[in-house]
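Written below as structure tokens is the structure these notes are about.
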Amino acid sequence: MQTNYGEIQMKNINISVNYVEKNALDLTTARMADFQLDKEAKQGNWRIEVSLEKSDETKPQKTVGKFTVREYVPPHFEIKIEPPPYIYVTDQTYSGRICVRYPDGKPVIGNLSLNLCWKTIFPFPAPPDFQSCHHIDARVSGCYNFSVKASLLSCPFWVFCEFYTAANITEDETGVTASQNKAGPMKGVDQEGFRIVDFTGRYYKPRLPYYGKVIATSADGTPASGIAVEVRADSRDKSLHYSRIFTTDESGVAVFALCGSLPEVTNGMRISAGKPNTGFSNDGGRDISPWIDTYTYEKYYSHQHHVRQWFSPSLSYVQLPKFHSPILCGQVLNLTVLYTARVGSKIQFYYQVMAREQIVMTDQIDPKDTATPGFGEAVPPSDMCLQRDEARSEREPRNDNIADPGMPKVHKRYIFGAVREPVVWSANVSDMVFTFRLDLEIKQSMSPKFTLLLHHVMDDGEVVADSMQYDVEPCLENQVCYAIFNP
């Protein structure tokens, strides 16, 4: 043993814990050692005594240390489950990884018990012979890569299935066990995901175009560019059917439109986006793939977007156009505005521009100087419009709620009275679509975005309005120009 006073010749070091001898260190072979206390540390006071036996002394020197155990924290480790990022009905194997590490990052060595399962979540229960799980026992040293054949896990094509991973680890050194579960991903049919958004808050205005866009993403989250996507629009009473196949651009976006042919009595539209048709079967369905039927695909796997009719007792509407690219600061923005009105009626439009929670511009405009009947420049491009599907209209009935003649007539009853009142239409119903031009000078105060509110008030007090938000390129009030010259 080395001290400040020189080297002391030691023979042995004996250690006892709570008066129980635990171990002895032979200085002839080692200078340092770790001493394991009880496997289950008990709360309370602890006493460690170190006895030093010198070669030239008969009585050993003792050193005593004391400490208190207030809380016992057993050895623990973290389990990280990395399931397959996505699973499709065409996949042959499902692969993932289980990683087990201590809080300091060191790998855990032990036994792994792994369960890989399909769990049905919607809409139907699994059949009686449904084989949903596969068990794996393995050794793990930090991480374990697993792979299971798809044939060992069955999931009916008409059922929504979710992949479920359950891992249990038993550590070798202390025998401590820990478990971790993780749900996902769901079984997918398409390798691309679709999402529908519009610019009118899920409302459409009869006689005026309705615009929307489909955003397609690949399984890894990147834009799915150059793929075919079919957009369908169906009225709730199944009397109207529209469809068209589009190709997404480099951003994975396809813009579509319902081009003003919707009647005023439509009670709503269901818009869906999914894989294109591969041909109709005898019952009017789609032969999408051998793994899934048409009804399940259209109702549960294709993206659904429901829109309602914007109500006006006079069928009077106004619609501002939407721009997808930011507007340049300093330019004059030319807006072609669509509106419905009675022929010969006098209308005065008022508009406000709001930016940064302040009104930066307000004015009024008489559309009679620039108003023209029809859509004018606001007509959507023909390749953007969904087309009427007459074949589907002939196959599907207009009303599926036709009662059996032998059934007694049932009247609806309401606890608090009728929910919906009869529709009262205005005496002056709009009968024509017009367009007019609204010019706005884009100022610095309107950057980075502004909202335009446009409205007029009819003689009976009905307010006809629309609003739209526009993005503006960043711009400064004071522009500075500079140049660098080389001497």
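In case you wondered, yes, glycine gets a Cβ from its N, Cα and C as well.
Taken straight from TrEMBL:
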DOMAIN    71-149  domain 'Macroglobulin'
DOMAIN    201-258  domain 'Macroglobulin'
DOMAIN    435-480  domain 'Alpha-2-macroglobulin bait region'
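The helix, strand and coil residue counts that DSSP assigns across the domain 'Alpha-2-macroglobulin bait region' (435-480) are 3 helix, 26 strand, 17 coil. Remark: secondary structure over the domain 'Macroglobulin' (71-149) totals 0 helix, 47 strand, 32 coil, with classes taken from DSSP.
On the 0 to 100 pLDDT scale, the domain 'Alpha-2-macroglobulin bait region' (435-480) averages 90 in the predicted structure.
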